[in-house]
Amino acid sequence: MRKQEIIMKKEEIVIFGASEHAKYTIDILEKQNLYKILGIIDIKLQKGTTYAGYKVLCNFDDFPQFVEEFNVKKGIIAIGDNFTRYKKAESIKTLVPDFSFATAIHPNAVIGKNVVIGQGVLIMAGVIISNDSTVGDHCFIASRSLLSHDSIMSDCSSLSPGVTMGGNNSLGTCSIIGMGAIILQRIRIGNHSVIGSGALVLKDIPDNTVAYGAPAKVIKTRENTDKYL
């Protein structure tokens with residue numbers, strides 16, 4: 001008796017943002033092979049423009065009409081700046097309340113036992129997330145980063161390449177850890193804060209601050225909207 005081949009239809013998704021971040025996202029989604037990418041929704045590029053091999057479907061202002069016409073209810077935000085990504089997620093949910101977000105995890109990432117990963121997360125190659133950790137919605141974890149056991153990344157936070165986060169750490173909403181930084185265990189990084197590249201963090205860092213150095217020191221305060229990329 002011949003075995004019947006079952007072909008599963010992939011869920012259709014869109015990508016928000018035509019940027020370098022979108023290229024990472026597309027690469028991982030293609031390797032993950034769980035979704036069919038329909039194209040990109042952007043605020044600048046014109047409809048029909050091709051970016052990273054995919055067509056721009058519409059401007060963001062026309063997004064609700066596109067959803068209604070094509071019945072697409074899932075996507076991923078490919079925007080590198082944490083606070084901009086946070087605001088875009090809010091806008092999408094306001095415009096289309098039942099819209100949901102795909103999570104892209106590179107096949108070479110290592111995910112431990114009892115790890116909880118939210119919606120709209122992007123996890124690149126070589127990442128290790130140890131057991132009992134939590135990654136909030138719309139987080140970005142770059143290549144070769146380590147999130148150790150029992151740690152928490154709040155929504156829209158990010159780890160740059162080569163970051164080491166010790167166990168029982170917490171990273172606040174929209175905060176970022178720069179390339180190669182080391183965060184010792186049981187450290188709390190506040191909301192909307194920036195840790196500079198190569199920093200060695202030995203103590204808690206408050207909300208809305210910039211800290212760097214070894215050991216890391218708070219250098220200045222910052223607003224939620226301040227750019228860091």
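Backbone N, Cα and C define each Cβ position, glycine as well.
Here TrEMBL has S19, E20, H21 binding substrate, and the candidate from G75, G80, G112 in that same listed site is G80. The predicted model assigns the domain 'PglD N-terminal' (13-91) a mean pLDDT of 95. Residue pairs drawn from S19, E20, H21, G80, the listed substrate binders, are separated by up to 8 Å at the Cα level.
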